């Protein structure tokens, strides 16, 4: 596959930049409302030539829903497929990511998949560790290993901002506790979940996460398997079917690669056996995806022939 060059990325960002004006920040999490809606950055981490980047590629932002892929991988390592999927389903949903509707109307009453908030909260409740400090340290260690960046941490400011306003997520937790999906203390779970969502990365870190998943869990630079192949396969399948909120189907048609977005404006994607892509653009479309980030990936995929379909 032909290697993309930095000047191509810079030209692409200039071409797509006007799209940022069409999006809006995720102001329902107060701290995310402080981002610059004009920011736009990209990094591509290749299996052989390291990375290229352009724009606001070194600006820190929080993982938010991108962390759901990380914790799913950890929960599968900790508990195994049988247990994880006895509590959380495997099917996409046409409802908003924070909806309670399917929990009430689906039988058995379990979240449809790990990429919606209810499913992600159930997944986080499964993580091994004696307390939240140990569990959070495991999440951070995992992200640091995948990114090869030992400085990665979480933003307590963003975590606290989310914790103070997470009324709907608390509702999801109480409903799941009533139905035996989770059995832990709700406030402790909310504390851990908001911290996991507040892990800070930049586009280069995100692209390296994408590379590890593109290589089926193998790190071509450290020459070692970081995540078992079968676990990355499960994660990438969910990324295709549910990774871009209610635009997952359209994204599959227009871009056609496994990807996961977050409401801080991040998107990471993977091109199998080749590279990972990390994008930051906090101006979001109506579905909660980076509006310019989606367009960048659409143009790159068409240009480079990335689609898996």
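Glycine is treated like the rest: Cβ placed from N, Cα and C.
Feature annotations, courtesy of Swiss-Prot:
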type: BINDING; residues: 65, 117, 162, 169, 193, 245, 263; note: substrate binding site
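A map of Swiss-Prot features onto the structure.
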residue	record	Cβ within 10 Å
65	substrate binding site	23
117	substrate binding site	22
162	substrate binding site	24
169	substrate binding site	22
193	substrate binding site	26
245	substrate binding site	24
263	substrate binding site	22
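Annotation note: residue 263 (substrate binding site) sits in a coil segment as assigned by DSSP.
Max Cα-Cα distance over the annotated substrate binders (65, 117, 162, 169, 193, 245, 263) is 19 Å.
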